[in-house]
């Protein structure tokens with residue numbers, strides 16, 4: 001800002017781009033996530049299993065709504081938590097600006113579109129960060145559901161809901177002479193249980209709840225670390241970030257403890273969500289920082305000119321400089337002869 005007045009920038013493409021490009025892309029992502037989650041447009045891959053495999057013989061824990069961390073609670077947390085954090089952070093940044101002695105922050109311009117629409121920097125930042133977060137949230141859902149549909153990896157309680165007829169399948173029970181499973185079943189009609197429960201039990205890898213929680217906490221923790229400014233304390237921001245990471249970890253533990261997912265499913269979900277959040281924060285919203293008002297980027301040579309420099313120790317110590325000059329034959333400054341003056 002110059003003279004306390006904000007920079008004004010006129011743009012006639014911001015509203016059409018938001019309506020016809022970004023909103024359409026977000027709608028496509030939401031529609032694809034809905035198709036993968038609630039319809040059978042993409043059938044789940046039928047993966048075979050070994051007879052009497054103890055890996056998939058855990059008891060049925062009940063419907064998802066009966067879990068200690070039901071999906072409704074997970075969806076509420078991953079939606080409300082980051083939204084409130086970003087909203088409070090942007091409001092604090094707008095009403096309590098950093099003091100002049102703090103690290104300088106590049107200011108944004110106020111966009112004027114047409115004769116009626118004016119978008120201030122706080123509004124632009126809020127819409128940008130929350131819009132990108134929403135896009136990433138549905139993208140994480142797509143990645144998790146696509147992985148479940150393609151792999152068809154059974155849950156730990158798969159055999160409890162599948163209820164296969166081992167006699168009809170020709171499976172023999174384990175014995176001292178044959179401790180392990182003896183046959184791999186690939187028949188699609190091997191399960192006699194409820195088709196809906198069997199289909200849900202084939203969607204274990206990766207864990208969608210773990211992916212959503214990891215995405216939400218990674219995005220929010222990076223926002224807290226990169227945007228919040230706490231003066232005089234080094235432990236406030238790490239404490240907030242660890243407090244955000246704790247619920248996501250507990251969600252993964254509960255999924256494993258209730259025999260709804262394997263540890264590998266939860267870890268894959270954590271990696272998926274964290275990777276998507278890191279990519280969006282780093283490459284899309286540029287670490288939640290504003291871009292310079294001018295569109296021209298510095299060349300590498302100009303950028304080197306702004307790099308921090310280090311003074312030579314010889315310039316700080318004139319005695320050492322004098323010794324080096326004397327050693328190489330240069331006369332000491334005090335012993336130089338004055339130039340002759342013509343008479």
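Just so you know, glycine gets a Cβ as well, placed from its N, Cα and C.
The stretch that Swiss-Prot tags with transmembrane segment, taken from the ranges 45-65, 108-128, 129-149, is 129-149.
Transmembrane segment is the annotation Swiss-Prot gives to one range among 168-188, 189-209, 210-230, and that range is 210-230. Among the ranges 12-32, 306-326, the stretch that Swiss-Prot annotates as transmembrane segment is 12-32. For residue 165 (N-linked glycosylation site), the number of other Cβ atoms no farther than 10 Å from its own Cβ, over all displayed protein chains, is 11.
Long-range contacts of the transmembrane segment (239-259) within its own chain (CB-CB distance under 8 A, at least 6 residues past either end) are made by residues 58-59, 61, 67-69, 74, 77, 81, 155-157, 207, 209-210, 213-214, 216-217, 220-221, 224-225, 228, 265-267, 269-270. Annotation note: residue 165 (N-linked glycosylation site) sits in a coil segment as assigned by DSSP.
Outside the transmembrane segment (129-149), and at least 6 residues removed from its termini, the chain residues within Cβ reach (under 8 Å) are 22, 25-26, 29-30, 32-33, 36-37, 42-45, 78-79, 82-83, 86, 90, 202-208, 211-212, 215-216, 219, 223, 268-269, 272-273, 276-277, 280, 284-285, 288.
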